[in-house]
C-alpha cells in the first residue's frame, strides 16, 4: 500500500574529477534537490523553473522508467524543489532523478538496491544529456566518492577516503542551453592508445591517492589531457584558475562535470583565502561574474524523517 506522501532529498555532485570521465563522482553538501511523491489521479509533475513534460525532465523520465518496468500505476504527483543550480556542472539533473527514485522507492515500499535505483535514475539523465550516464546519479544516491563501472552490468562502489578535505567550487554566472548535451558532443570519438594508457594511470593514481591520503598522487590523478581540453571553449579561464589554485597549495583542481564550475580540493596545507581571492581576480580578468562556495563531502539521498548516514 503506497504511503500518503514521501519527500526525499539528494545532494549535488561533481563528476569526472579530472581523469575519471563517466566513472568517478563525489557528492557535495553545498546544494540539494527535494522531490515529493503523493497520490494523484494520473501522472503530474509540478515545480518552478523546470520542464513539466515528463519526457523532458530527468525526475519525470526516471519515474516513468521505474513505474513502467515494475508495472505500477502512474497515479502520482511528483513535486520537484530545485536547490541545485542548473547548467553549472554540479549534477543538477542527476540530483533530481536521484531524489525522485529514492522517494518512489520509499513511497511504494519497493526495497530497491542501490544499483537498481541508479539504473532508473540514470535513464532520467537522457532528458538532460541525451545519454544515460551513471556518475552523477550514483554519487547523489550513494554519497561520498563513488566509482562506477558500466559494461554488461552496472556496478557502483563507494570509496573510503583518507584525509579531511574541503572543496572550493568556483561558480561563474554562465549558462549554456543544453550544456551537458553540447559538451558531450565536443568529445573526441577516438583517442590514441598512449593517451588511453596515460589516462588510466592517472585515474588509478587518483583513487590510490584518495584512499591513502597521498596528495601528490591526487594531484597527478586529477590531470586530464582528453576531455577537459576538448571542452575548453566552455571555460577559457580554467587553466589560469588551476595554476593559481595549485600555487596556493590546493591539493588538486579540475573542471566539475561538464563545467563551467571548477572544483578545487583543499586540505590543511591549502591557503583557501588566497585561492578565493584568486578566483575572484580571474573571473574579473575574464569579465565574468561569479561566486565561490565551500563544500564538504556529503552523504547520499535520504527520505526526510528517516535516519541519515554520512
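Each residue's number is its place along the chain shown, starting with 1.
The backbone N, Cα and C atoms fix where each Cβ goes, and this holds for glycine too.
Residues or ranges marked as ATP binding site in Swiss-Prot (evidence: sequence analysis): 85, 86, 87, 88, 89, 90, 91, 92, 93, 94, 95. For residue 95 (ATP binding site), applying a Cβ distance below 8 Å and a minimum sequence separation of six or more within one chain yields 10, 11, 12, 13, 31, 32, 33, 83, 84, 136, 140. Annotation note: residue 95 (ATP binding site) sits in a helical segment as assigned by DSSP.
Each of the binding-site residues 85, 87, 89, 91 was scored by the other Cβ atoms within 10 Å of its Cβ; the lowest score goes to 85. Other than 85, 86, 87, 88, 89, 90, 91, 92, 93, 94, 95, the residues of this chain whose Cβ falls within 8 Å of the Cβ centroid of the ATP site are, in sequence order, 12, 84, 136, 257. Sequence-distant contacts of residue 93 (ATP binding site), defined by Cβ-Cβ distance under 8 angstroms and a gap of at least six in the same chain, are 58, 86, 124, 125, 127, 128, 129, 136, 180.
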